[in-house]
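> What Swiss-Prot lists as signal peptide is 1-22, and the listing cites similarity to another entry. Among the features that Swiss-Prot reports, disulfide bond is placed at Cys48-Cys108, Cys150-Cys207, Cys252-Cys297. The feature domain 'Ig-like C2-type 2' is assigned by Swiss-Prot to 231-313. Marked as N-linked glycosylation site by Swiss-Prot on the basis of sequence analysis: Asn288. Look at Swiss-Prot and you will find 329-349 tagged as transmembrane segment, backed by sequence analysis. The annotation phosphoserine is assigned in Swiss-Prot to Ser386 on the grounds of a large-scale study or a structure entry.
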Amino acid sequence: MGAPSALPLLLLLACSWAPGGANLSQDDSQPWTSDETVVAGGTVVLKCQVKDHEDSSLQWSNPAQQTLYFGEKRALRDNRIQLVSSTPHELSISISNVALADEGEYTCSIFTMPVRTAKSLVTVLGIPQKPIITGYKSSLREKETATLNCQSSGSKPAAQLTWRKGDQELHGDQTRIQEDPNGKTFTVSSSVSFQVTREDDGANIVCSVNHESLKGADRSTSQRIEVLYTPTAMIRPEPAHPREGQKLLLHCEGRGNPVPQQYVWVKEGSEPPLKMTQESALIFPFLNKSDSGTYGCTATSNMGSYTAYFTLNVNDPSPVPSSSSTYHAIIGGIVAFIVFLLLILLIFLGHYLIRHKGTYLTHEAKGSDDAPDADTAIINAEGGQSGGDDKKEYFI
């Protein structure tokens with residue numbers, strides 16, 4: 001019976017303490033802050049707020065418990081620390097040119113009864129240095145293995161390293177991490193190995209460092225590599241379709257690293273070699289049918305040799321007229337057209353003269369010594385148009 005009688009008493013005590021408990025959970029005099037992250041060399045703002053200051057001032061102190069500001073009054077002589085805002089409900093300060101040593105817990109206090117505090121954890125990011133690539137000493141031969149090392153110091157937290165060749169990602173080994181002597185930052189390193197090909201000649205191998213302090217900015221170093229490889233060659237004719245009587249150049253286009261320094265021309269079935277020179281062209285000043293055949297060009301460097309072949313077929317002389325023949329044809333066409341026009345004019349002129357021959361002779365007769373007789377002839381001729389069948393005599 002004793003236990004049930006004690007239950008109402010416990011409930012009564014709980015109800016009597018409830019308001020006090022609610023006040024403690026909603027303490028208007030409790031200040032609040034927030035954690036901050038800043039890059040080394042940057043500026044951080046510490047903000048402390050309180051709802052009920054109880055006629056007391058707010059105070060900021062550093063991890064060493066040195067007072068920085070008490071209200072609007074500076075307490076520590078450090079020009080990097082400046083007052084941003086000071087009101088009964090807020091105290092904000094800024095720290096510029098932040099160093100790694102500034103990292104830690106900063107305390108905001110209000111001197112009420114009891115004293116209330118709030119913590120702000122300041123994290124300082126160490127910026128990684130530009131990476132350094134080592135391991136490349138001299139040019140590599142095709143199919144040899146290249147091994148490069150990359151290293152970057154000063155990052156906090158430790159950075160990550162990545163490799164690429166042009167736009168192609170290279171898979172290096174896992175990033176190695178080593179703590180720097182200051183005990184705060186880290187040195188990271190990575191290596192990459194790959195077999196080189198002739199396509200890698202002149203390629204840039206890039207090592208990049210990735211870190212949150214860079215905020216997406218690129219921080220990388222590149223190493224250009226040189227690859228030595230055997231030459232290749234191809235023969236290009238100029239003109240592309242040679243004909244008998246033309247001038248022909250056969251260009252032997254050699255490629256390689258190093259570039260071929262010697263070219264030897266041969267024709268199948270003929271001895272000795274046609275030409276041995278440092279220049280790559282074989283010249284035919286005047287092509288003949290006998291020049292047809294298969295020609296070989298051997299390009300040589302200190303990495304080796306390569307022979308390219310070309311079959312030459314000399315075609316018959318071009319039926320296409322030369323420029324001078326074309327010019328003469330144009331002149332001949334113009335002359336023929338002019339002659340044709342003159343003939344047309346002569347035909348029309350002859351036809352005109354035939355139709356007007358009588359009139360021409362009559363006028364000519366008027367100018368002679370027998371002009372009276374001529375007039376008589378003209379009159380008689382005119383009268384003859386109405387005289388029927390009478391016989392008329394004319395004097396011309």
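Glycine is no exception: its Cβ is also placed from the backbone N, Cα and C atoms.
Buried or exposed, and what's around them? Tell me for each listed feature.
Around the Cβ of Cys48 (disulfide bond), the number of neighbouring Cβ atoms within 10 Å comes to 25.
Around Cys150 (disulfide bond), taking its Cβ as the centre, 27 other Cβ atoms fall within 10 Å, counting all chains.
Just so you know, the Cβ of Cys252 (disulfide bond) picks up 25 other Cβ atoms within 10 Å once every protein chain is counted.
In the shown protein chains, 10 other C-beta atoms lie within 10 A of the C-beta of Asn288 (N-linked glycosylation site). In three-state terms derived from DSSP, Asn288 (N-linked glycosylation site) belongs to neither a helical nor a strand segment and is classed as coil.
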> Roughly how many angstrom lie between the C-alpha atoms of Cys108 (disulfide bond) and Cys207 (disulfide bond)?
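For Cys108 (disulfide bond) versus Cys207 (disulfide bond), the Cα atoms are 44 Å apart.
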> Mind giving me a neighbour count for Cys297 (disulfide bond)? Other Cβ atoms within 10 Å of its Cβ, every protein chain shown.
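Step by step: centre on the Cβ of Cys297 (disulfide bond), count other Cβ atoms within 10 Å, giving 27.
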> Which of the three DSSP-derived classes (helix, strand, coil) applies to Cys207 (disulfide bond)?
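Where Cys207 (disulfide bond) sits, the three-state DSSP reduction gives strand.
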> Using Cys207 (disulfide bond) as the reference point, find which of the recorded positions Cys48, Cys252, Asn288, Cys297 has the shortest Cα-to-Cα distance to it.
Cys252
> Where does the mean pLDDT land for the domain 'Ig-like C2-type 2' (231-313)?
92
> Mind checking how the domain 'Ig-like C2-type 2' (231-313) divides into helix, strand and coil residues in DSSP?
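Here the numbers are 3 helix, 50 strand, 30 coil.
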> By Cβ count within 10 Å, point out the most packed of the disulfide-bonded residues listed: Cys108, Cys207.
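That would be Cys207, with the most Cβ atoms nearby.
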